[in-house]
């Protein structure tokens, strides 16, 4: 309840002497007790019969500040005796602030001041409505959030203003923001892209308007849309005397058809005491099933015991004496797919069979007027009353007593008791009305029906010195805007005229006089959703006699919008028209259509009628105490201030509160356009279904001069129902809403779906399961046809007698489904599409899905780049050669060779922004490879004036997604660590890295400044007095851990990061850290990595030691041809064409230092770096890729040359015709590429003519065989740095396989972060949730047949992990899987082992009809389409099987 400062009567009336001397009552003035920006202040003026004939009324609103008042609103008008009219003051501006406001009002006739007073108005900040609509309430990673912001005035007219919008993740970090957004008619539409790995939980859209905050939440989580809905129907109440509890379960697909399957039903008591017990039953279900639990079953699990009369079914509870509710849980499992869905409901237990409810009864007694109430009789089991039960009467006993008599003094003479019987109608609702005795001070109503009983008691008495009362009521139960309703006024005295007023949302919205005791009013839109009606008259003695009636008013929008589909039912991929009908032209219609499966997930962020009613109720300021016991309280109950010279009665307690045309036409068209699913379909022109969105339509439609619009759209391929809704908004009529969503059923009564693995390895065979569903009227004969392809063969099984290998015929019963199996053997590598068609004389369907076929063995890659520099005017041509030989264990057919050329140093990295390296990046540092390179690319292209709109949007999208993901790893203290809050501490190295990247990105995307500040503050707290930074957490980058110089390296790294924070905190001082670095440099730095970072750090601050450090670094470099680089010492590593990751970082830091000193001397370093790039545009690992791209982008901007025009010619033994690439200023960033024949060895000759420079790169991908030695604990081929052992456990289990993987480091020191990659066997899957995390194992990711396990570090102690896997698909002749362990920041430090299942499937197991006698590997024959071969193989199979 709001506190109101309404002035008491003593303070209220300040009337002049003339007014006080005047005989009789002359005026009654009312005004709202509040003032609201945007809303008029409406004053009611009723000049009574003793008033002067004409009064000039003037009202002003003053704003008071610093003891000074200023008039800001005013109005005046002439009022006449005997009339009740209103005076309307203009509204406060919507931007008004919460200040002190006073209303001054005075009335003047020719000769006198009739009245004059003032009152303080309470400021109500709720002045506008801001609605935030999203297309859904739930989102998956990588999905797009579509949302609208609507700003409306309190009358639902558009409010044109600018809004600020913020997207916040569950940690309240600002992920994206838009400032000063304005939209047409107050509607702003935006979209927001979620990253592939966002923080799960409740996200929010925050909108700021006029310093007010508005929110809408949405959830981000992993989910699968339900394809069918389960509902449980039970009565809300059940009598303990009932013989049983009955209910039903309904299971329907979103397209309306029944679900066939099994039903598990559980009765679970929800009491808080005793041992939990339940009842579980199982049934078959075909869309509907009835169930019952008898009283004996329920008694057992609810701890009930029979009373003496067991036959009556009465029970008492053991402890306590009355049972709590029970939950009924229904789980339906679809027979065709095995998918389950659950629903539940609660049942409350009553001690009686019948429930009596008394409501809408009089709460304040008015003697001699009627007491009214509504009584409802119902069965506790929810069933209708039977004709036999209705023959019994409802018995009411009314007891009326005198007031102020304690119980001990009461006797029956003081009580008036009356018993009345009522006949019960079919609906069980009875209206009761009887007079209140003149002596009554208390009234009790008791109602009885069979064993049910209920009662209410009313103690409150209306206060009137003259005992004069009126009663205001209506018989209309449903009152809505625009429809008249009747009001009846009864009283115990005669009266002539009656005044009335209507108040809603704190404002006086209607007023007038009536001479009849029955009159009608027509609600306007301003009345909704609740209105408070006051009726009154002035008695002869001057007393105000009044009453109040509160009514709900159903909201009816003046601006109407309707959506219609041109057809109610369509087939997937059909064309259909969405038709829009609006009331007014120049309207904006916002439409959303979503899969009905989305609506089954309970929550919704749609704008509905309930949304609007709730929104409008927020404007209401009435007290709603329900205890208006005198004439003053009646006005107060509706939030009114009253000024009158009539008698206004109040109690002492009151002092406390002083502070359709289109629908018919479309319906006809819909009837004519019903889809006839029995029509014959053309098998030769079957649409293949591929498009399955969750949100189909999100459209802002501008109607222009029309009130009718039609859009043709293509129905997606989902077999479901689509639910479309819309709102409309226009300048004059404001907001409107579709009252009923337009539902479109996208359904075909005959369809198929495929079940196949995501990928297999060449040489493996798999079972393609084809399920056909038939909802036609009859059983049909269906031909299943696999589209022939050179990419796979179909294996013949012994029982294939009803068709050929590509074609089968099957009978599919009506309202049922059948599954067929086709054994498939892929023959080509890559993505293989499989198209299946199901055809019958009456219907057909086709579906295409792809399967990825990978080569066997372990993936390897090689890249070689050459820089063709023709920038010297004296050089017109250059030639370069590149060579590669495949190792002897290369898998035949896995080889892929490609030549690329591009005209810009960063060109290949720009083209590969989405995936720069071949490693997963699932921790806080590695994620930044998805973020940081985009900054450097944008910087570089902006400087070169080569930034295109498409590339900018692409880079910004990657950055926003990377930013979202990175915030997963921010800890509560503001620091960042590899795995966020699960780590024991934040990392200064990683926090500095993230801070630097966020500061660099702040120019392009929205970065929450609070995130930056918290990170910087945490970093600064980890600096020692001498300027040295220290690392409290684990250092996952191996080059930064251990050794005497690691604090020096860390400090240099952090200095380069925190300097960027100067734009937010200009007084940052890093001189102590610089002096620390200079001192350590003067002592000597033997490590090249540390020296490189120090050189860069000292260069960024202009240290006098910077050039000396850089010179020393260059002296230690290696030179080869026109390149310059560094080689770090270290243990022997697994073979790789790329250098160590640390060597790339050293070169990158040296190049960054050269951007500040002696630019030309850095060109040889740049050339070397370019040559180390992989085919994706990145380098070895994440950190080296980020630093190298930063260095190349900044350095290239300094040495970039204009006017490139180069002709490249590529020749070689495997190139029958020369390949020509033309690179000029118009296509510098175009990646030219050609596939080459994979000859061994590969020799590629490149010649360049012209001017400028180009980069040519040879990329080779291939697989090597997993040799037998790789299965042993350790390879003798390479000096591995990890010991790795893989043990397979599944001796007798065909469906499960457990891997036990153990590893340790073959060295005394602890490693940095280690990545374990487990390539699963084809057909098997593993859940990342089934592998528990530990201090060593920090994260597990599942990625399309592969598990990535992130280990914090590995030492000499063995670390083991158990990986349970499950067979999801039947795959025979399974090839080896592999397990690898590698140092993430030095991937050449690795070990690889292969493994396989001990229980292998032969091809005969792929068909369910085949009797397989052996579970060892069997040979399979791939049968071609040749008829002779088919006969031969059939004979061969016959002899083999016999």
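Cβ coordinates come from backbone N, Cα and C, glycine included.
Taken from Swiss-Prot as is:
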- 1-21: signal peptide (SIGNAL)
- 67: N-linked glycosylation site (CARBOHYD)
- 117: N-linked glycosylation site (CARBOHYD)
- 246: N-linked glycosylation site (CARBOHYD)
- 278: N-linked glycosylation site (CARBOHYD)
- 370: N-linked glycosylation site (CARBOHYD)
- 421: N-linked glycosylation site (CARBOHYD)
- 595-704: region 'Bait region (approximate)' (REGION)
- 1088: N-linked glycosylation site (CARBOHYD)
- 1419: GPI-anchor amidated alanine (LIPID)
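Residue 67 (N-linked glycosylation site) falls within neither a helix nor a strand when secondary structure is assigned with DSSP, and so counts as coil.
Comparing C-alpha positions, residue 370 (N-linked glycosylation site) sits nearest to 117 among the glycosylation sites 67, 117, 278, 1088. Within 10 Å of the C-beta of residue 370 (N-linked glycosylation site) we count 14 further C-beta atoms, all protein chains included. Around residue 278 (N-linked glycosylation site), the same-chain residues six or more apart in sequence whose CB sits under 8 Å from its CB are 266, 267, 268, 269, 301, listed in sequence order. Sequence-distant neighbours of residue 246 (N-linked glycosylation site) (same chain, 6+ apart, CB under 8 A from its CB) are 234, 235, 290, 291, 292, 381. Looking only at other Cβ atoms within 10 Å, the busiest spot among the glycosylation sites 67, 117, 421, 1088 turns out to be 1088. For residue 1088 (N-linked glycosylation site), the spatially nearest entry among the glycosylation sites 67, 117, 421 is 67, judged by CA separation. Cα of residue 117 (N-linked glycosylation site) to Cα of residue 67 (N-linked glycosylation site): a distance of 19 Å. Taken as a whole, the region 'Bait region (approximate)' (595-704) shows an average pLDDT of 67 in this prediction.
Following the DSSP three-state reduction, the secondary structure of residue 278 (N-linked glycosylation site) is coil.
Distance from the CA of residue 421 (N-linked glycosylation site) to the CA of residue 67 (N-linked glycosylation site) is 67 Å. In the three-state DSSP classification, residue 1088 (N-linked glycosylation site) falls within a helix.
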